[in-house]
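Encoded as structure tokens, the structure appears first; notes follow it.
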């Protein structure tokens, strides 16, 4: 017989080397959808223990970006791994559909509500626009291989959800957490209405910049703080502002608790006075004030000045010093004029100190009739009058005109103001919500754990939550308020349920169409309907109740996990916590996981202007979704997540390693029937038993990593296994046995059994991450199986068996190390053309006593482990002087090219080639494998 190729067991598989994912994945998606895969998974987990991950709804506007992809893929990996762990883990995706960005898009097309279109028509247009955006985003999410009930998502604009949001608010009200107050908002005096952040543009504007002195009320108390016994002249604290018109509303002076302040005497035109200024700024200040000389009298920390009082510069009252985190020493005086009715920072810090939110300005930007001195003046015209009055009172230390960036109305292009307007709030303290929420944070697991202190600080310091907006497209605050007393209707809670029932049938328009008399009868004239809408953060923050508690898939089970970007401590995690605690006295979640933002290779934020945006659509079309999924899984999401074309190409390389491993496994179990060909683990060749043991140990590690959401560890350990234990060791060693042993021999079937077990386990390991590839592998695995890997659980067939006669795992670790050293020497010899390949080499190993015993254990099978034609083990003491040193102190090597004939079939160089006359080109091992019983292997 001259052609022995037909006697070899050569690998064969339909699993292609190239993934061609960009083209193949869409076909698989189509098949998954047509076969109702998501429903099959649900069916397979009927009555199983539930695991509920609640989807934080992305906003239904624009294309998805890479951050959306990270978020959805992380959720998908969790859902799939929990399903593999036997849980019933439904995934209902959601979208946030109300609010300003959608209004603005619709406004560009149809104009403002009440102009060319009615408010009702405008809402309908918003609804249609949001629905279209949802469709676009849904297609992009599906393309990522995310499994969800895509045909039945939740939308915050679903009639049922809108109704449940109203019901949620009624519970918050019933529990006593709502109150009415005022809050400063961006206000356009030309529009006569509030503006949202998105409607504000910043343009340069000339404004008066003034330094104003507030004289101290209790001079001895102030002097004592600075350690000064007495001072005969005036003492003042100085503020700097570019909005003189807000001074009538001043109610405090804010200093920084950790900022140092100096009491400095300034002499100007022969007159002395002492001023309190930030230490870092006093020199530039006194120079600006035109001082002829100055003397430092003392310094203190801002915290020491708290609650000292100073006289208002032109009204007959005094104001306190308060501490504010917003105070800086970048410019000005280091003291901030505080008017809670005219600034967000002022308002927040004012709430802490219970300051009056004075609002002397009407809708049209004119001071109200009861405003002392300035009644009837427009605020911007009043700047001049305020400056003149300050000069007259001797309180003006400096006045210049400056050019600076200032908020303008995007419609009128005119400067806007901050002014306090009546709003609805959820109170943090009137019913102990703050303390309750802090207690609930303690009961929640935060991943990473720094999330806990972050949200705790926010809850400790946050003001009451303003939940009202003056918008058209939003869930209405369905309240009736008494026209004279401004009190809520006493039956508000039951009235809200009746309104909710209508909204459930007709959507939010039902509220605006409702005539008060339909619900209030004769009382209708005494009450007015509230026209405000809810903050969209209330919409999304109440979905634990409006969606999860309402949908049958969740069966009333508590939510296990919220997972969003780290900005959501302030956003969705916070709003959900507040509403749930206000409604039910407990947090809505057991665990909260946050991931970092995506940045480019240089750590910069993604930005179209910088040109560093990586669009997920581009990645899936070019590389495939599995590459994007592998990048997400392999990246430690606890910090910023770096992505670039180069990084994605590295993910593609890692993917190829996994794919090549899978291909090798499939090609070598081709024709293997697990029913008839399986070798029991205890009957396997020792090396095969070892690799099954390694796979079993690895599975434990992977399952633990999945359970703890450490997906980067899953990919690291998997890559290590594919590259080191399998690629560089096991798969390399078994090729000879797999290809040359008798087809049905124990030597070969043992090896195939191990490969089969690893394949069954590995396809499940990768399924949550490389979903498309896992499905492809699953369909090519031998043996009876269900249609999809995704309905399976983790593989139970990996038995960690070690026989008494077995070589220990430490032993195999030593062999791995020895083989690595031998490989280096052979590679070197190949480079220097001493040998053509490892089978041309004959190697002598000089080992110390312990290692010698280990190596000699294997007998003649050591050569199969080292992939050489011949190996000899000799005592280290006998090593010649030219023996090659290795990184193992216990081992030296020598290598020579074999002079023996090469076997045509197995390519080993053996002395016995041609010993059997009928097969002159074969070694006796190959003859046994072709014609005899076949070789037996014990170790490798």
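Cβ coordinates are placed from backbone N, Cα and C, and glycine is handled just like the others.
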If you look at how Swiss-Prot annotates this chain, which of 36-46, 47-57, 58-68 comes out as motif ''HIGH' region'?
58-68
Which stretch, out of 600-604, 605-609, 610-614, is listed as motif ''KMSKS' region' by Swiss-Prot?
605-609
A 10 Å Cβ contact count, applied to the binding-site residues 903, 906, 923: which residue has the minimum?
906
Would you kindly give the Cα-Cα distance separating residue 923 (Zn(2+) binding site) and residue 564 (L-isoleucyl-5'-AMP binding site), rounded to the nearest Å?
64
Provide the three-state DSSP residue tally for the motif ''HIGH' region' (58-68): helix first, then strand, then coil.
3 helix, 1 strand, 7 coil
Of 903, 906, 923, 926, which is closest to residue 608 (ATP binding site) if I measure between C-alpha atoms? They're all binding-site residues.
906
Chain-internal residues, separated by at least six, CB under 8 A from residue 926 (Zn(2+) binding site):
4, 740, 903, 905, 906, 919
Within the same chain, and leaving aside 903, 906, 923, 926, name every residue whose CB is within 8 angstroms of the centroid of the CB atoms belonging to the recorded Zn(2+) site, in sequence order.
740, 904, 905, 907, 908, 910, 913, 922, 924, 925, 927
If we count other C-beta atoms within 10 Å, could you say which of the binding-site residues 564, 608 has the fewest?
608
Count up the helix, strand and coil residues in the motif ''KMSKS' region' (605-609) according to DSSP, in that order.
0 helix, 1 strand, 4 coil
